[in-house]
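Asker: Quick one: the structure is below, questions incoming.
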Amino acid sequence: PLRVVSSCRLVIYTFPFDIQNCSLTFGPYLHFATDMRMIQGLTSEEILKESQDVLQTNGEWELAGISVAPSTLTLDEGGYSEIKYYIILRRRPVLYVVNLLIPSCFLITVDLFSFLLPPQTVDRSSFKMTLILGYTVFLLIMNDLLPVTGETTPLINVFFSISLALMVASLLETVLITNIQCSSSQYNAVPRWLSVLVLRYLAVVVFLPRKKKNNQITVFLNPSLIAKNFSNTDISAIQLQPVFGDTPPVNPPPEPALDELRKLSRDLLAIRLQVDKHFQGSETSQEWQMIGIVIDRLLFGLYIVFIAVSFITIICLWSNHYAA
């Protein structure tokens, strides 16, 4: 018996759903074709059946087919008879699907549903950073399963890169939304163009109708004039005599009591102004928070669309090459 050790150039673009076509060429290169000719002894089906019975592999590959093609190598000195065997090997993808693809899909799904966590009450960024760290460790552990030879980059590497990039983009989006939600009280009033663009148009796109504003208007007056008018009104009201019945006249309060009433009116007016100012700031903060919610919902939708398009494209490429 003759033992032949051969090598085959692997095309790993569709790994782990790749099919390799390796060739073995036999010929009597000491004799020309006119002296010796190579003839196929068995048919391709018979060779395949016999090879499947005696073939021993490590379980990763299976023999899918064998074809035979006689040929002639033509040179200046003469021609040589050859016979080529094309051996088709198919990789068993179950190991890689279970250990690589399914865990990656699970982590992407968890990252996708993390958008449902409310950013104002839950530290969503820490959750996403934990996912990115876990995914990075997962790729380092499973790196030995990935092929290291080949002229092209496998689609599975592109799949992992897209998954990691989506997780990082999701983390950056969470940082932006958290900043808007938690620091909205320190911002100025929302610009009108931003309010119209986000709250009027984008809110409709993401199915978040804008809440109607309260039409109540608070009028601010000069505190000094209000205090002065209030004191004059109180004094004039105190000095008025009752016109009904026989009620005895009311004596005006002593001067210290009048000063205390004026001081109390000024304090109450200052409190009122502070309360109105607080409510104005609260409305601005609520508007910024609403903008953050709309942007979060919009980016969530774009995240879903990008994931769907990317994964469907990769699956279609795998299917087309596997079928071909």
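Using N, Cα and C of the backbone, Cβ positions are placed for all residues, glycine too.
Annotated domain 'Neurotransmitter-gated ion-channel ligand-binding' per TrEMBL: 1-93, in sequence order. If you look up TrEMBL, you'll see 94-117, 129-146, 158-178, 190-208, 298-320 marked as transmembrane segment. Among the features that TrEMBL reports, domain 'Neurotransmitter-gated ion-channel transmembrane' is placed at 100-314.
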Asker: Might you confirm whether the transmembrane segment (129-146) is in contact with the transmembrane segment (158-178), defined here as three or more C-beta pairs under 8 A between residues 6 or more apart in sequence?
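Answerer: Counting Cβ pairs under 8 Å (6 or more apart in sequence), the transmembrane segment (158-178) reaches the transmembrane segment (129-146), since there are 3 or more.
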Asker: How about long-range neighbours of the transmembrane segment (129-146): same chain, 6 or more residues beyond its ends, C-beta under 8 Å?
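Answerer: For the transmembrane segment (129-146), the list is 15, 95-96, 99-100, 103-104, 107, 110-111, 114, 154, 156-157, 160, 163-164, 167-168, 171.
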Asker: Could you give the mean pLDDT over the domain 'Neurotransmitter-gated ion-channel ligand-binding' (1-93), rounded to a whole number?
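Answerer: Across the residues of the domain 'Neurotransmitter-gated ion-channel ligand-binding' (1-93) the model's pLDDT averages 86 on the 0 to 100 scale.
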Asker: Counting each residue once, how many in the domain 'Neurotransmitter-gated ion-channel ligand-binding' (1-93) are helix, strand and coil under DSSP?
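Answerer: Within the domain 'Neurotransmitter-gated ion-channel ligand-binding' (1-93) the tally stands at 11 helix, 35 strand, 47 coil.
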